[in-house]
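Asker: The structure follows.
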Amino acid sequence: MDPIDYLKEKLEPEQFEKIRAIDNPELHEFLAKYIKLLNPAKVFVCTDSKEDEVYIRRKALEYGEENPLVMEGHTVHYDGYYDQARDKARTKILVPKGVEIPFINTMNREEGLREIHEIMKDIAKGKELFVCFFVLGPKNSVFTIPAVQLTDSAYVAHSEFILYRKGYEEFRRLGREAKFLKFVHSAGELDERKTSKNIDKRRVYIDLEGETVYSANTQYGGNTIGLKKLAFRLTIKRAVEEGWLSEHMFLMRVNGPNGRKTYFTGAYPSMCGKTSTAMISWENIVGDDLTFIVDMKGEARGANVEKGVFGIIQGVNQEDDPIIWEVLHSPNEIIFSNVLVKDGKPYWNEMGIPIPDEGENHSGKWWRGKKDPEGNEIPPSHKNARFTVSLEAFPNADLEALEAPCGVRVGGMIFGGRDADTWPPVRESFDWAHGVITMGAALESETTAATLGKEGVRAFNPMAILDFLSVHIGDYLKNYLEFEKKLRVKPKIFAVNYFLRDKNGNWLNHKLDKAVWLKWMELRVHEDVDAIKTPVGYIPKYEDLKKLFKEVLNKEYRREDYERQFTIRVPEFLAKIERIEKIYKEIGNIPEDLFKILEEEKQRLLEAKEKYGDYISPFQFE
Ligand SMILES: Nc1nc2c(ncn2[C@@H]2O[C@H](COP(=O)(O)OP(=O)(O)O)[C@@H](O)[C@H]2O)c(=O)[nH]1
Ligand SMILES: C=C(OP(=O)(O)O)C(=O)O
Ligand SMILES: [Mn+2]
């Protein structure tokens, strides 16, 4: 049967008309195929109208995937107890037979498609299926990528309305021209708490060839929100093929002297500080997770892929995060996930106020001391509990930059991770290639609760992107190195580390110190301050930081703190280079420059060691 005829027969006339209004046979074919396969009782098609959005929100409550909280606009959603993070093991990139890509969990495409289609057969039986249209990036711009999402979860659809720009009209405008991404999701059978029941059949399969991602038997946003980490795999591939950058980066404005606005991107692995950095009260957030960077007339221009925040709530407190705190306590449209609820109010770990001793959380009815089946004590909220809210709710959002069709000029790019013992808090690369290789490609970070599995293990994570990489790392790095040649004005590249510890495991920095590093980087982009040359890049001078600590945080910054934080740890740096070299040597197709640049860094470190010893005070280099 012709797809359009099938849709006419299956959908109610009002819904069918919405589909018919989009002149795109490829879309019709896709919809017909998956509506047939998933076999829902009912289909709802979302246009860009307010009513359709309200309908989704209402359905999330009606179907019990969300429950209202006392504050207007607030709801709570729970994911299953074992469905609280990204499932790396069961997330696979589908590739042609025989193809293996280093570090990437791949599967033979035909086999994967067969398996997922089997799992998804009749999976939405008895449920309502939502068909939603969005765009990645600002509308009608060089960044725009249209996407269609099928899901039987009103929670997923609701999250997407908060996080992405509506795209129905864009599909109508583009018609057959739309080169769109496709997402098919089903939460599968739900239990009495409305959480996915068949976790053993949880799958996230990414079909690069068909630009389609399938997600089944899971609800956690990192596994299900199509336009977020699922689309990211597809856009990385497009970017590498087309010569631009699709990155795991926040995008923010740092306010310099005399009203100067400088935009920065920052790539840190999940749970390593993207949202907390972009949210610093006196700077301005444009995005907190995903950024597209293209060259335009020789400038690197960045745009937020999204328009909302799916942020980690643990640790959000009134003192360090006054703006998020205020937003979370105002009648905005917010979905709280996997938090503790008592008397209709949400609570989370480390929120800086007393938390009730019982209530409801991701484990069901909860009381202090409750243990899970593995014997672990269950905290009030899950470590990876989140809030979902639109950027419009934030007084510190730079909404003009958010919607700018040409994006904003990127002045600096930052790489960072959880590193207890090697990298200083902030440093600047000698040039683009030095930054790309020694800061981006050499990034390591301790694993976190954002993915299932053991936490706190140091892991190779180039550009904070390893979990999402869909192409060979060599091709990805070549594209990065090539990108520089398109640029007349090059962003400076920096590395940060918020997570240095002393021998007793105490942090060497406060959570807000990052605000100072940002101001220093802003000055460096414009060469307003000098810096100290070390074997691993430029680091700040003590006097400049002392002044900034006073101005930004009204804090005294002691010489001994500076010295401890910015000591160049030669043995750790050398060990790291060795680990990184070994990793890259074991795989082919790596740009020669990578080994050359690492070797040069090693030689500089060895020379310094000869002269000053293993642990070198920053004052030695002045
Ligand atoms: N010790 C320490 N923890 C931090 C710092 N910045 C953020 N965090 C914590 O790191 C976790 C993840 O931060 P978030 O910004 O949400 O990470 P994202 O996933 O990269 O967006 C939160 O629990 C924060 O409280 C910091 O400077 N120092
Ligand atoms: C949604 C996620 O994003 P992040 O932790 O990077 O904010 C995730 O990693 O699942
Ligand atoms: Mn985040």
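Cβ atoms are placed via backbone N, Cα and C, with glycine included.
Straight from TrEMBL, here's the annotation block:
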| type | residues | note |
| --- | --- | --- |
| ACT_SITE | CYS272 | active site |
| BINDING | ARG86, TYR220, GLY221, GLY222, SER270, ASN384, ALA385, ARG386 | substrate binding site |
| BINDING | LYS229, HIS248, ASP289 | Mn(2+) binding site |
| BINDING | MET271, CYS272, GLY273, LYS274, THR275, SER276, ARG386, ARG418 | GTP binding site |
| DOMAIN | 29-239 | domain 'Phosphoenolpyruvate carboxykinase GTP-utilising N-terminal' |
| DOMAIN | 244-604 | domain 'Phosphoenolpyruvate carboxykinase C-terminal P-loop' |
Asker: Identify which of the following recorded positions, namely MET271, CYS272, THR275, ARG386, place a Cβ less than 6 Å away from any atom of ligand 3, and list them by sequence position.
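Answerer: Only THR275 meet the Cβ criterion.
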Asker: Same-chain residues six or more away whose CB lies under 8 A from the CB of ASP289 (Mn(2+) binding site)?
Answerer: LYS228, HIS248, MET249, PHE250, LYS274, THR275, VAL305, GLU306, VAL309, PHE310
Asker: Where the criterion is a Cβ under 6 Å from an atom of ligand 1, which of the binding-site residues LYS274, THR275, ASN384, ALA385, ARG418 meet it?
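Answerer: Passing the 6 Å Cβ check against ligand 1: LYS274, THR275.
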Asker: Of LYS229, MET271, GLY273, ARG418, which binding-site residues come within 10 Å of GLY222 (substrate binding site), going by C-alpha to C-alpha distance?
Answerer: LYS229
Asker: The record names ARG86, TYR220, GLY221, GLY222, SER270, ASN384, ALA385, ARG386 as the residues that bind substrate; what is their largest Cα to Cα distance in Å?
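Answerer: Those residues reach a largest Cα separation of 14 Å.
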Asker: Taking ligand 2 as the reference, state which of the binding-site residues ARG86, TYR220, ASP289 have a Cβ closer than 6 Å to one of its atoms.
Answerer: ARG86, ASP289
Asker: Of the recorded positions listed here (LYS229, SER270, CYS272, ALA385), which is spatially closest to ARG418 (GTP binding site) when Cα positions are compared?
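Answerer: Smallest Cα separation from ARG418 (GTP binding site) among LYS229, SER270, CYS272, ALA385: CYS272.
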Asker: Taking 10 A as the limit, how many CB atoms besides its own sit near the CB of the residue listed as 'active site'?
Answerer: 26
Asker: Looking only at MET271, ALA385, the binding-site residues on record, which one has the least crowded Cβ, with the fewest other Cβ atoms within 10 Å?
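Answerer: It is MET271 that, of the binding-site residues MET271, ALA385, has the fewest other Cβ atoms within 10 Å.
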Asker: Pop the Cα-Cα gap between MET271 (GTP binding site) and ALA385 (substrate binding site) into the table, whole Å please.
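Answerer: On Cα coordinates alone, these residues lie 11 Å apart.
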Asker: Could you state the CA-to-CA distance between LYS229 (Mn(2+) binding site) and GLY221 (substrate binding site) to the nearest Å?
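Answerer: Cα-Cα distance, LYS229 (Mn(2+) binding site) to GLY221 (substrate binding site): 9 Å.
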Asker: Taking the Cβ of SER276 (GTP binding site) as the centre, count every other Cβ atom within 10 Å, in any protein chain shown.
Answerer: 23
Asker: About how far apart, in whole Å, are the alpha carbons (Cα) of GLY273 (GTP binding site) and TYR220 (substrate binding site)?
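Answerer: It is 20 Å, counting Cα to Cα.
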Asker: So for ARG418 (GTP binding site), how many other CB atoms are inside 10 Å of its CB?
Answerer: 24
Asker: Restricting to the binding-site residues ARG86, TYR220, GLY221, ASN384, ARG386, which ones have a CA within 10 Å of the CA of MET271 (GTP binding site)?
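Answerer: For MET271 (GTP binding site), the binding-site residues whose Cα atoms are within 10 Å come to ASN384.
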Asker: 10 Å Cβ neighbour count around ARG386 (substrate binding site)?
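Answerer: A 10 Å sphere around the Cβ of ARG386 (substrate binding site) contains 28 other Cβ atoms.
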